[in-house]
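Annotated in Swiss-Prot:
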SIGNAL    1-23  signal peptide
DOMAIN    30-73  domain 'SMB 1'
DISULFID  34-38  disulfide bond
DISULFID  34-51  disulfide bond
DISULFID  38-69  disulfide bond
DISULFID  49-62  disulfide bond
DISULFID  62-69  disulfide bond
DOMAIN    74-118  domain 'SMB 2'
DISULFID  78-83  disulfide bond
DISULFID  78-95  disulfide bond
DISULFID  99-105  disulfide bond
DISULFID  132-344  disulfide bond
ACT_SITE  185  active site, AMP-threonine intermediate
BINDING   305, 309, 462  divalent metal cation 1 binding site
DISULFID  360-457  disulfide bond
DISULFID  556-639  disulfide bond
DISULFID  762-772  disulfide bond
């Protein structure tokens with residue numbers, strides 16, 4: 001036994017000796033790193049630093065504890081330190097080896113940990129086809145809104161936003177996208193997803209009163225989710241109604257049970273959710289099995305709008321907000337690339353409106369105009385006024401009196417007051433009971449408020465006229481459906497709904513957009529528009545003798561040979577063809593009104609379509625060169641005669657215009673454009689007459705006598721088409737003859753509510769309108785026909801100080817003119833129809849920048 005113990009001790013001694021001799025020792029080195037140790041259980045027996053969640057309290061954490069164990073719970077990015085990290089339950093995203101399998105990698109995992117090229121550093125995609133992984137038969141569409149992203153930000157600070165700049169470079173972008181009026185958040189977001197103007201979808205502002213509901217709408221009121229406020233069909237319903245799936249990560253209207261349903265997936269708005277969490281959730285939706293995966297997704301972030309409101313659009317803070325928005329886009333694109341979806345998904349990045357600088361030194365107070373402000377006012381950059389006692393006094397409120405008291409009261413006012421019916425037609429802001437009758441159009445950087453208690457006047461705001469440059473929004477698009485490296489002209493956001501439907505191969509619901517007008521953004525347009533079909537062909541108005549007896553009351557003592565003068569109206573076929581080539585170079589305006597009775601009247605210098613329903617031309621068309629004649633015409637009272645081609649019963653008479661009336665005869669084709677007396681006599685006929693308010697003729701005559709020759713010189717000639725508009729019910733569409741009779745029952749000759757003018761020239765001004773092989777350029781106006789010029793405070797002002805500004809205020813799209821007249825322009829153009837639609841939806845901008 002003793003021998004055994006001695007042997008055991010000897011063996012231990014030998015073993016220890018060998019161990020010491022060979023340098024072997026027990027693994028008891030103190031721990032110095034948290035790598036693979038985060039959230040381990042604390043042990044008093046362990047040597048070295050700790051990595052449990054209480055180590056900071058004991059001041060025993062390893063030096064890399066914050067970077068290794070804390071930062072992953074706060075960061076949405078990988079780092080070299082995090083690569084191959086041990087899986088932790090509470091991280092925002094993972095950089096572990098199994099994260100791809102678990103589908104919870106940080107979006108930059110492959111570029112940071114696997115050495116792959118990031119999306120930002122990739123070359124622009126060169127393939128013309130979608131490159132989608134298995135299971136994606138159709139490209140998903142993501143609609144991403146960055147609230148308040150003014151188009152000018154991208155012009156000024158593009159180098160500070162590398163991700164957005166790459167999207168712009170590689171995809172399709174517009175210099176800007178035009179918001180609808182008022183340029184507010186809910187208004188424009190809902191327009192984008194319905195294709196409807198606010199007057200059509202009902203969200204006419206962020207704050208609304210509806211007398212029929214007797215309810216108020218605001219962004220914070222519980223009534224906001226009442227479906228009665230929300231009209232139209234938002235894109236997420238169009239998607240689901242046609243068998244696809246839609247998911248919305250915030251969008252105005254998406255959490256409302258519109259038409260009885262919600263999007264397939266939706267989130268209740270919560271502004272505290274980080275942008276990165278929103279992107280991560282969107283990416284998870286794209287990871288879903290095919291049967292659950294959405295085909296359409298919205299994503300919304302509040303920046304740079306929130307910062308713009310607080311600090312204004314020109315500030316260091318706005319740059320930081322833009323960089324945050326840029327990083328959010330970068331995170332989305334990296335996440336798409338990690339899923340091999342970056343060249344599969346179609347992405348539209350846009351904004352709802354821009355942002356403008358404001359100051360408490362630039363306020364207009366209603367107390368300066370009224371002894372007592374006894375009404376309710378929606379204050380700010382897009383003010384409206386109504387009765388404060390509603391619903392009782394809603395309909396009896398003296399809106400006209402309010403407008404009078406706010407018109408031409410100071411030498412310099414920073415707003416103009418309008419009845420809604422007199423607002424520029426381009427705004428499409430009248431045809432809804434929720435739009436109050438009194439509206440103030442406020443100058444840039446100014447606001448109109450009740451009194452001096454108003455204090456929300458520093459920083460930035462929006463809501464102004466949508467023609468102001470500061471209100472312009474961004475539009476960028478990227479993906480296999482869009483052309484690459486493509487810049488397009490500006491367009492209005494009502495067109496985006498149709499565009500999205502085309503990308504998803506859906507049939508759009510009725511909307512205010514012009515379907516096909518954005519085909520030039522797409523590689524392979526899904527929808528090919530068809531030409532409008534004329535509903536009514538012209539009748540014949542043959543040349544005939546002067547009626548006897550002549551009861552027209554017209555006279556012209558300067559005509560010595562009436563037969564010879566009238567014979568000039570009897571053009572043969574060759575002369576008619578020559579007249580059409582000169583006066584209708586882009587085809588005859590087609591009449592889309594049903595049961596309209598009219599005939600074409602050819603003269604050498606102009607052609608008109610005379611309506612036997614309203615006893616005046618529907619339109620008159622002529623072409624003037626860069627140096628039109630400016631001889632003084634005979635006055636209408638001295639020289640007018642019946643058009644012998646029009647039966648007396650279907651003609652205006654001079655006796656319709658009595659000196660004591662406010663209405664006077666005006667001409668569509670100016671007689672003074674004739675280069676000889678005979679050519680002027682061709683225009684001094686009753687078929688060229690339109691009834692005009694005497695006050696309006698000041699504008700009309702200055703426009704034709706001064707501005708039209710000026711524009712002709714600048715554009716190397718013009719084709720001019722003008723005519724009356726009848727919109728008595730203010731719905732933005734032409735009134736039928738029966739509707740006109742409802743409003744005008746005391747005369748056979750109705751008074752137009754507006755007049756339109758469409759000026760067309762060659763884009764390349766080397767060429768004339770008659771010889772234009774390339775693109776056309778258009779300038780069109782819809783001029784309210786009002787009895788006075790109080791809109792311009794022009795009673796004592798020379799015409800040159802106000803007329804041009806007035807007509808520029810009332811610029812319009814050709815498409816607006818078409819809707820209000822029932823006419824179809826440019827029917828003779830040989831170019832593809834989508835190019836013509838671009839021309840028709842173009843809106844010129846005249847607003848001068850703020851000094």
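Each Cβ is built from the backbone N, Cα and C atoms, and glycine gets one as well.
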Residues lining the divalent metal cation 1 site besides 305, 309, 462 (CB within 8 A of their CB center) are 147, 148, 185, 306, 308, 353, 355, 460, 461
Least surrounded, by Cβ count within 10 Å, of the disulfide-bonded residues 69, 639 is 639
For residue 457 (disulfide bond), which residues of its chain lie six or more apart in sequence with Cβ-Cβ distance below 8 Å?
358, 359, 360, 362, 363, 447, 449
Residue 462 (divalent metal cation 1 binding site) versus residue 639 (disulfide bond) - Cα distance in angstrom
53
Taking each of the disulfide-bonded residues 38, 49, 95, 762 in turn and counting other Cβ atoms within 10 Å of its Cβ, which one has the fewest?
49
Minimum Cα separation from residue 69 (disulfide bond), reported as the residue among recorded positions 185, 305, 309, 462 that achieves it:
305
Recorded positions 185, 305, 309, 462 vs residue 99 (disulfide bond), shortest C-alpha separation belongs to 305
Argmin Cα dist to residue 38 (disulfide bond) over the recorded positions 309, 462, 556 returns 309
Write down the Cα-Cα distance for residue 462 (divalent metal cation 1 binding site) and the residue listed as 'active site, AMP-threonine intermediate', rounded and given in Å.
9
Three-state secondary structure of the residue listed as 'active site, AMP-threonine intermediate' from DSSP?
helix
Specify the count of other C-beta atoms within 10 Å of the C-beta of residue 99 (disulfide bond).
20
Under a criterion of Cβ-Cβ distance under 8 Å and sequence separation of at least 6, what residues of the same chain contact residue 309 (divalent metal cation 1 binding site)?
148, 355, 459, 460, 461
Rounded to the nearest Å - Cα separation of residue 462 (divalent metal cation 1 binding site) and residue 83 (disulfide bond):
45
Arithmetic mean of per-residue pLDDT over the domain 'SMB 1' (30-73)
85
Entries of 49, 62, 83 which, being disulfide-bonded residues, have CA atoms within 10 angstroms of residue 34 (disulfide bond):
49, 62
Does DSSP give residue 772 (disulfide bond) helix, strand or coil?
coil
Go through the disulfide-bonded residues 49, 51, 132, 344, 556 and tell me which ones have a CA within 10 A of the CA of residue 83 (disulfide bond).
none
